[in-house]
Structures are given as C-alpha cells and as structure tokens.
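Visitor: Here's a structure for you.
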Amino acid sequence: AQVMLMAVALVLMLAAVPRAAVAIDCGHVDSLVRPCLSYVQGGPGPSGQCCDGVKNLHNQARSQSDRQSACNCLKGIARGIHNLNEDNARSIPPKCGVNLPYTISLNIDCSRV
C-alpha cells in the first residue's frame, strides 16, 4: 500500500511540473500549408483550407523561436516544390487576411522573423 501511495505521489508531482514548450515541427507546418500547394504552383486560390492552415500556423507561431522554426520549415518546403510561383506564395498571407511583419521569399533570413 505504501509503494502504491508513493507511485501516486510521484505521478502527481510529475504532472505538476511545467513542460517546456515544444517547438513547431516541420511535419505539422507541412500539414497546415499542404492545401496551398496547387496555388503556389500557379493554380487558382488560395482555397479556404489553405487560408485556414495559414491562419492556424500564424496563431500557433507566437514566440520568436516558433516563428523561426516555422520560417525554416516553410523555406525547406518551398525549395521542394516544383514550379513554385513565388508571387502566389507571397500573396497568400494578405489574401488570407494574415498580417506578417516580413515578406515571404526563398531568401528570407529566418533568424530575423
């Protein structure tokens, strides 16, 4: 009984310890912006799903570290897109009603976002 009480106390103590925030990972970023793929390849849009993903990403990337992680992920994703239309990619935030304090490009310095 005493061992069980100690185990319960340990679980409660661990549950009370604040966890470090997990940085935004590229798999998550990719899943959010994947609906934008046809538009950044020159198709019509951006779609409602694309805008929802961009808005969600913007809302989740609150800290500078999160913004830098998301930026680096987006650069990597963009480099892998065949027939990337950079003008369409740059137009997504304003067309989706997302105000970014920087311009999206393949050459963006993510340490400055």
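Backbone N, Cα and C define each Cβ position, glycine as well.
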Visitor: Pick from Cys73, Cys96, Cys110: which one does Swiss-Prot say forms the disulfide with Cys26?
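Guide: Checking Swiss-Prot, the candidate bonded to Cys26 through a disulfide is Cys73.
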Visitor: Check for me: which candidate out of Cys51, Cys71 does Swiss-Prot give as the disulfide partner of Cys110?
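Guide: Recorded disulfide partner of Cys110 in Swiss-Prot: Cys71.
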Visitor: Name the residue from Cys50, Cys51 that Swiss-Prot records as disulfide-bonded to Cys36.
Guide: Cys50
Visitor: Just give me the nearest neighbour of Cys50 (disulfide bond) among the recorded positions Asp30, Cys71, Cys96, Cα to Cα.
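Guide: Spatially nearest to Cys50 (disulfide bond) by Cα position is Cys96.
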Visitor: Translate the DSSP assignment of Cys96 (disulfide bond) into the three-state scheme.
Guide: coil
Visitor: Counting Cβ neighbours within 10 Å across all chains shown, tell me which of the disulfide-bonded residues Cys50, Cys110 comes out on top.
Guide: Cys50
